[in-house]
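Asks: One structure coming up, written as structure tokens, with questions to follow.
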Ligand code: ADP
Ligand code: MG
């Protein structure tokens, strides 16, 4: 096996020299005390990284490789590092964290699920203990008091969504004691950074408050759209269109699969007006209908969601994972529930929301680590203002990435996957088949069953068990079918027999939406210089590429079984699809971010005010000032007198009023978020005007905000003047 790679970086060299010296000491106590007093920042960095490295060697028997030390330095400098799967990113974080703690910062180490949070915390606890740091962890199950304690630690392991939700909940707290992590956002180390900062960043985190809903109307809409016929022009449609732009086409609705949109044609609009017995479709009807259309024509059962026990469970497109508890917003979830005839939830209103892009801006700084991110360089630079450093592998990669095999039909593709799998296990290799959707993984699993190929199927949210199965996936003759996020963070070790037979074979049963995710799958094999190979199998019926094929090409190709690799078109198609989807998602995230930046400015104002009110005792002047502004001084004094006559003392009254004020803020802020949402939708429609929609949005959002502030005061007065 090749030697550990040497790293030329000067700081790394200095750390390694320091490590040599530390190895000879019996005890690190003196060194650990001394390092805190070093004033020179660079010197302290070198010493602290060396100490953390040595503590790792002494406690858990992992002596970081030079490349891992390099990674820790880059992360200390705030970079996002790309370091291949299996290179040991987990063990890099204590070195960076220790150096940051010595700078006087608190460190959050974020990852994608509770299982990884607990695993990494448990694994690294001895290292932190030797270094004398306090360390805690938080999962969805952590109760509030424990949570507070964990946030107070020097280092806290937690998932990205828990940090986000705690942030939002802290700003809805009615009492200072229910705040768990107020304002302590110093430094974050983000593991699986591509997943958190790119994939998850497409949808904001939302805390919702329930409101009533006219679920009957959802059902009518679902019934109505069932009667509609799609236009024949559907497949030809190239670009974004707006309602009413298609006066002359046949059918009732027109579909644009590429953009995931459906529109009523003029015909459809007429039918709807008849059906709902109105002269024109108002905003509310249009909105509900649009959801019903998307539910019927775009959201596909088995791909976008599944129905289980009278519930709709969303499947994450990027990861193929079931996302229990998540819902589509804006009434779409209810529309899908109506389509499937399951119980319809009360529609919920956003009480607070934040995008990941903005959440991470709460931190003074952050860094990230991931196996694949180079492809997303531009986005990191533009949106997060982050540099990417590619860390070399410790040992050379000898994995073979074989060219795609392309088939006309899905069945033929599945057959080929079956044959390849059988060949590989007969030889003594192990096989991991990665799919982009639950549907594909289930179809393949059935075929494997029919052909007596024993295998494990991973697509549910069973992190712990999942990790065990993935950890076993490298044993000779083993077959695992998994959606691509399954077991993320757990690396696959191969046994000697598998190694001798050529290592792990990774089969991509379909391409993923991004090249980065394809690479993530490939990266499951060939870790630490292991042998292994990867290959993707494609069919022209694949959901990812089918919408991009021209009809004539498709018809032509259906005549052959396996398409020649030389075919110029086949080689390019995936690259083009990835580029196209990548651009579209990028622009979605960029839009989301640009609009959210406007909201954030307002949110800061409100949250700051709210924090002051929450943490201070309410004083009478504040209330009087509001009463005066609202021209209600007289009424206010009368009300105060009445309350005192009832026997309440001033302190009690003021305490009550503080709660009322907080509630008024929350209520009106919630309404305001709805208004902003509506404004945004309008701005989108106006986008063909000459003003950039975000600028227009910023201009229009301000008066709405001012109105909201007045409403808060009104609402507050109304409540406190009540009998
Ligand atoms: P990554 O997160 O980069 O995919 P992990 O942190 O899960 O990788 O580590 C992968 C495996 O490599 C672990 O099983 C760990 O035991 C091993 N490993 C990592 N660093 C070292 C090291 N310096 N020395 C020995 N083994 C290591
Ligand atoms: Mg990892």
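Quick reminder: no glycine exception, Cβ is built from N, Cα and C everywhere.
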Asks: Name the residue, out of 68, 105, 520, that TrEMBL lists for the same ATP site as 86, 87, 88, 89, 90, 491, please.
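Replies: Matched candidate out of 68, 105, 520, per TrEMBL for ATP with 86, 87, 88, 89, 90, 491: 68.
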Asks: What counts of helix, strand and coil residues does DSSP assign across the domain 'Helicase ATP-binding' (70-209)?
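Replies: Going by DSSP assignments, the domain 'Helicase ATP-binding' (70-209) contains 71 helix, 27 strand, 42 coil.
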Asks: Please report the number of other Cβ atoms within 10 Å of the Cβ of residue 86 (ATP binding site).
Replies: 20
Asks: Taking the Cβ of residue 68 (ATP binding site) as reference, which residues of that chain separated by at least 6 in sequence fall under 8 Å from it?
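Replies: Once residues fewer than 6 apart are set aside, residue 68 (ATP binding site) is near 87, 88, 91, 92, 95, 394.
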Asks: Of 68, 86, 87, 88, 491, the binding-site residues listed, which put a C-beta under 6 Å from ligand 2? Please answer none if none do.
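Replies: Among 68, 86, 87, 88, 491, near ligand 2: none.
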Asks: For the ATP binding residues given in the record (68, 86, 87, 88, 89, 90, 491), what is the largest pairwise C-alpha separation in angstrom?
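Replies: Output for ATP binders 68, 86, 87, 88, 89, 90, 491: max Cα distance 17 Å.
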Asks: What other residues of the same chain, not counting 68, 86, 87, 88, 89, 90, 491, have a CB atom within 8 A of the CB centroid of the ATP site?
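Replies: So the additional residues around the site are 83, 85, 91, 92.
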